[in-house]
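Going by TrEMBL, these are the annotated features:
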- B:22-48: transmembrane segment (TRANSMEM)
- B:90-297: domain 'ABC transmembrane type-1' (DOMAIN)
- B:94-116: transmembrane segment (TRANSMEM)
- B:123-140: transmembrane segment (TRANSMEM)
- B:176-198: transmembrane segment (TRANSMEM)
- B:231-249: transmembrane segment (TRANSMEM)
- B:276-297: transmembrane segment (TRANSMEM)
Amino acid sequence: MATAKSAKFDIKSYTGFKAITMLCLFVLYAPLVVVTIYSFNSSVSLTNWEGVSFRWYVDVFTGPESGKFKAAALNSLIIAISAATMATAIATLAATGMVRGGKFKLRAVSFGLISLPLMVPEIVTAVATLIFFNAISFERGIMTILLAHTAFCIPFAYLPISARMQGIEDSYEQAAMDLYANKRQAFTKILMPLMMPGIISGFILAFIVSLDDFIITNFVKGAGVETLPTAIFGSVKQGIKPNIMAISTMLLGVSILMVTISYFVSKADNTK
Amino acid sequence: MAAGAASGGSATTDTYKEVRTWLLLPAWVTLAILVLAPVFMMLIYSFLTKEFRGGVIWEFSLAAYDQFFFDRGLFGDDPAKIEWTYILIFWRSIWQAGAATILSLAIGFPTAYFIATRPEKSRALWVFLITIPYWVNLLIRTVSMKFLLRDQGPLNDFLINIGLIDSPIHIVNTNFAVQLGLFYSYLPFMVLPIYAAVERYNFSLSEAAADLYASKATTLRRILLPTVKPGVIAGCILVFVPSMGSFLAPDLLGGAKNFMIGSLIEEQFKGNAGNWPFGAAASMVLMTMVLILLMFYARQQARSEKAGG
C-alpha cells in the first residue's frame, strides 16, 4: 500500500497546490522578466515593441541623465561597501559574544536590541533617525546615510553569522587551545576561517540591503545627495522611462548575482 | 528555525566569556545611539510645537496628538469632535495590509506546503527560487509591477491580443493594485515560516487520520492546520506588519485616493505638509500598534515552543 505513489492516494499531495505554486512563481518573476525584456526595446515609446537594441543601456551611460546616475551609483556603492563592512564587523563580534559567551543576564535584551531594526517599521526608523540627526544638529549628507545604513544592516549581517557559528562545534577551538593556542589565536586562526562562509553571506546580505534601501535614505539624505534608489524614484515620479528599465535590469542582475553567490557560499561546508 | 531565531539561538560554549562585554559593546553602542535614542527623540518631538518650514520649536504641546484624534474646526475654537481623517487612513492601512495578508496566505500556504513535501535535496532550491525576488530592490519590483499592470502595459496588451478583453482593465491606482504590490513585496515572509512548520510536521499523523477514513480535506483542516498554526500566524504577522507601514506600493501603485500611513508620515517630513510633531505622533501610533502585534506574536511563539517540548 505504501508503495502506491499515484497522486490520488498520496496523502501528502493536494490537488491544485502544485498549480498554485507555479502561479506564485509566475507572479514573482513575471514583472522582472517583462522589465528585462522591455529594457532591450529600441522604441522610445514604452510598450510598442520595435526590435532589440542596447540604446537605453548606452543612454544610461552617455545620455542626458547619465551624470546624475553615475554620481548616484558611486554614492550607493561607497555607502553599501562601508556600511556592510562596519555592520559585518560589529555583527561578527556580537555573534561571538552571544554564541560563544556562555549564559548571561543581558542576553535576551542584547538580542532584542540587535533585531530592533527588523521589528520597528522601516518608515518609523527613517523618521526617528531624521529627527535624531536634526536634534543633535548633525548636517545631513552622505555621512548620515552611512550611519543609518550601518545600524539598519546589523541584524541582516548578524543572522547568517550567528546561525553559522551555532553550527560549528567548539572542539576545533578546544583542540587548538589544548595545543597551547591562546584565546586570541583560537579566535583568529580557527574560528574566523571556519566562520568565513557565514561572514561572507552576512556581508553580502548587508550590502544588498544597503544598496536597495530607499525609505531610510530618502529621509536622512541631504539636499542634492542621491543614491541610485532615490535617483530612480525621482525619475519614476515623472513617469516610467525606458532608461529606467535599463538601470533596473542592471541592478536586478547585480542583486540576483550577489544572492546566488551568498547562497552557494553559505552552502559550502568547510568544517569537513 | 523560527523558534531558535526568536530567542537568538542558544549559546554553544562560554569560550570567550571574559571578553563578552567587549565583543557586544560595538553592537550595543551603535544600536543604542542610532536606533534606540532616535526612537526616544521621536517620542519627545511628538510633544513639541511645530515650526512651519519643518523642524520644531522646543515648547511642550499636545497639538500633534490633538490634531490626530480631534477636529476643533477651522479656527480651533469649536467643541472637539472626533477627527476621522487620520483614523480612516490608519483603518485603510489595516484593511489593505489585511487583504494583502490574506492574499499572501491563500497563495503562500499551498506553495510552502508543496515545497516542504518535495524530496529533501530539491527543497533548498525551491526556497531559493521563492526568496530571490525578495532581494531585488523593492523600488524596482514595485516599478516593474506598475509597468506590467499599466493600462497600456504588457498584461493588458496581451489580454487584448488574445481577444479576452476589448479595452484595458484599469488596475493601477486601485486598492487591488496596492494589495498585489504588498503581496509581491512580502510573500517570502509568509512562505518561509509555514514551510519550516510543515517540514517539521510528522506525516504519520496524516496517515493515521487516513487509516481512520478521514478525507484529505478533513485531515488538512483537523490535523495538519492545527499543528502548523504557529508557522501560519508567524507568516501572517511578518506580512501584515511591514505592509501596514509600507510607502512604495501605495505611493506608486495606489495613487492619491489610496493614501496609507506611510504616505501620511512621509508627507509631514518630505512633502508640503511639513508638520514634524504630527509626523512623529503618527509614527508613534504606528509603532505602538506594531509592537503590540509583535508582543502577541512573541507570547504565542513562546507558548508553542513550550508545547512542542
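Cβ coordinates come from backbone N, Cα and C, glycine included.
Automated prediction, rather than curation, is the source of TrEMBL annotations.
Keep in mind that this is a model prediction, so the values were computed, not measured.
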Where else in the chain does the transmembrane segment (B:123-140) make close Cβ contacts, counting only residues six or more beyond its ends and a cut-off under 8 Å?
111, 115-116, 184-185, 187-188, 191-192, 195, 199, 248
Take the C-beta pairs under 8 A between the transmembrane segment (B:231-249) and each of B:22-48, B:94-116, B:176-198, B:276-297. Which stretch has the highest count?
B:176-198
For the transmembrane segment (B:22-48), could you work out the same-chain residues 6 or more beyond its ends whose Cβ comes under 8 Å from its Cβ atoms?
16, 56-62, 64-65, 276-277, 280-281, 283-284, 287
